[in-house]
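Q: Sending over a structure as structure tokens; questions will come in a sec.
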């Protein structure tokens, strides 16, 4: 664990919005008197009807979370209209295509027109306030237009990552009963086409079998590639927007009206629809974007995430645009045409603030420094990381090589459920320790508790909980409030349980140690082990499967699968490849197994429970101390698993 400290550099402190003194003062007020603090900072967005109530939350009983509840606003208005008078000609979105020679710039005035037209197309086809619209798009500006158009008319968007399979897309369409889908003919990633429209068609057939019928599909033409077409259902975006006006008044939304649903992996296998509402979410996304990235007007800001993840929602679209920023949207991948792409884009567009994932940093670090140093990167002044803890070696490389030892590295810990940053340094206020997410953001009260729920004081290792609500917090699991209570509030009564383990050091800095539940963090993306297990078991030769994570040099966590086959079948390399393909088809490439070990049996207790602790140890090639195995029904199973492990690092 690194204990090296990087103090706040003088030049950073000199221009920062928040210094140490202000951080301490504001933080104290935010936790001692949240009504007063958020009552003041809620005014950073425009309200049609000002709120008089600030915080109305309870983490016990039925669990109810309401912020600014009697206020009325509109997210699209705050991200576009309010900037037009003074900054209409400023660039809102820089789009950098997969092909390095293709890019475009969209001003706030142009963004207004695009969003109003798309909103009018939705209205023309019967989409109303409260209806759910599924967005299955690549990283093109139309994805942002679609989100903002939904927000403008009060429709609830559900963005599904373009790398997910038709089956995963169908499950998300069915869960929120969405009848309108926005997609495009094909996406492009690393020079290769992605069949989004064909995937959508397949997903719609699967959804129809579950009695959810999609009535309209709006299709953006990206490549001009051939796709299936259903006349009467499918609509070309370019034809539709030509038939409507470029004016659409924003609907007055209550602060607690839903803004979006975003599905995230749970430990039970069925993805959870995380529901975020309008007012509190936008206040929090906007405020964290400004202070965590020390955003100054005129900065060029680039977050490399996909809009299919919460990072894309909060820190490509809503946070930056609400702050009248110029936000860069990147369609491509870090290693196409080669591993220098990120750094070339930074030079090309004079990027000042750069936010990416540790998994990308580790893979680019492995490619060598030359790809970085052949670019100037002189425009950079701040680097950020998101998605998983960053190991100190990758942190130092990012700081020394990418940032030339002059850009603070802002390691942000947060979740789909939190809406925005929770534990993070503020660049002008907090000395940095490589590998630590450092200290809580305003209004965030972290607590470490032991397995019995006892709150630990001082330097300690424990389960990370949050003791009180903050405005960006999710409000419920869509359609299943009981699951919301059970998942987040039943383990430690009266506290929000994050599912993460954490260490607090003697300086009060927080170090995230990883998931403590059955959720994997693969390349910064959450995947439930149960999802991967059920995908494996759906193959006709598999009788049983257990999935665990193990340390992976690039992805952070790899996916290790133990598979028991139907009687009479042998495990072969061909079958291994077939199972990898099968999982990719069921969930998407993100869930590709890294290791598959064929096993005659799994270690179970006499009551039939799989002992995952043992499977984790074997996957980590660390089986010297397996702990208590006395409850195993068949101890010989373990010897076989050890002998045939796929991760032999030792003789």
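Residue numbering: from 1, along the chain as shown.
Just so you know, glycine gets a Cβ as well, placed from its N, Cα and C.
These numbers come from a predicted model, not from an experiment.
Annotation source Swiss-Prot lists CoA binding site at 189, 190, 191, 192, 311, 335, 523, 584, citing sequence analysis. The annotation ATP binding site is assigned in Swiss-Prot to 387, 388, 389, 411, 412, 413, 414, 415, 416, 500, 515, 526 on the grounds of sequence analysis. Feature annotation from Swiss-Prot assigns Mg(2+) binding site to 537, 539, 542; the stated evidence is sequence analysis. Residues annotated as N6-acetyllysine in Swiss-Prot: 609.
I'd like to know what surrounds each of these features in this structure.
A: Its Cβ taken as reference, residue 335 (CoA binding site) is surrounded by 16 other Cβ atoms within 10 Å in the chains shown.
Around residue 416 (ATP binding site), a 10 Å sphere centred on its CB holds 19 further CB atoms from the protein chains shown.
In the shown protein chains, 21 other C-beta atoms lie within 10 A of the C-beta of residue 542 (Mg(2+) binding site). According to its DSSP assignment, residue 542 (Mg(2+) binding site) is in a strand.
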Q: Going by DSSP, is residue 416 (ATP binding site) part of a helix, a strand, or coil?
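A: Where residue 416 (ATP binding site) sits, the three-state DSSP reduction gives helix.
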Q: Using the residues the record lists for CoA (189, 190, 191, 192, 311, 335, 523, 584), what whole-number Å value is the largest Cα to Cα distance?
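A: The CoA-binding residues span at most 24 Å between Cα atoms.
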Q: What are the other residues, in sequence order, whose C-beta lies within 8 angstroms of the center of the C-beta atoms of 537, 539, 542 at the Mg(2+) site?
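A: Residues close to the Mg(2+) site, other than 537, 539, 542: 535, 536, 538, 540, 541, 543, 545, 563, 579, 582.
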Q: Could you give the Cα-Cα distance between residue 414 (ATP binding site) and residue 192 (CoA binding site), in whole Å?
A: 32
Q: Between the Cα atoms of residue 311 (CoA binding site) and residue 542 (Mg(2+) binding site), what distance do you get, rounded to the nearest Å?
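A: If we compare the Cα positions of residue 311 (CoA binding site) and residue 542 (Mg(2+) binding site), the gap is 36 Å.
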Q: Please report the DSSP secondary structure of residue 523 (CoA binding site), reduced to three states.
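A: Going by the DSSP assignment, residue 523 (CoA binding site) belongs to neither helix nor strand, so it counts as coil.
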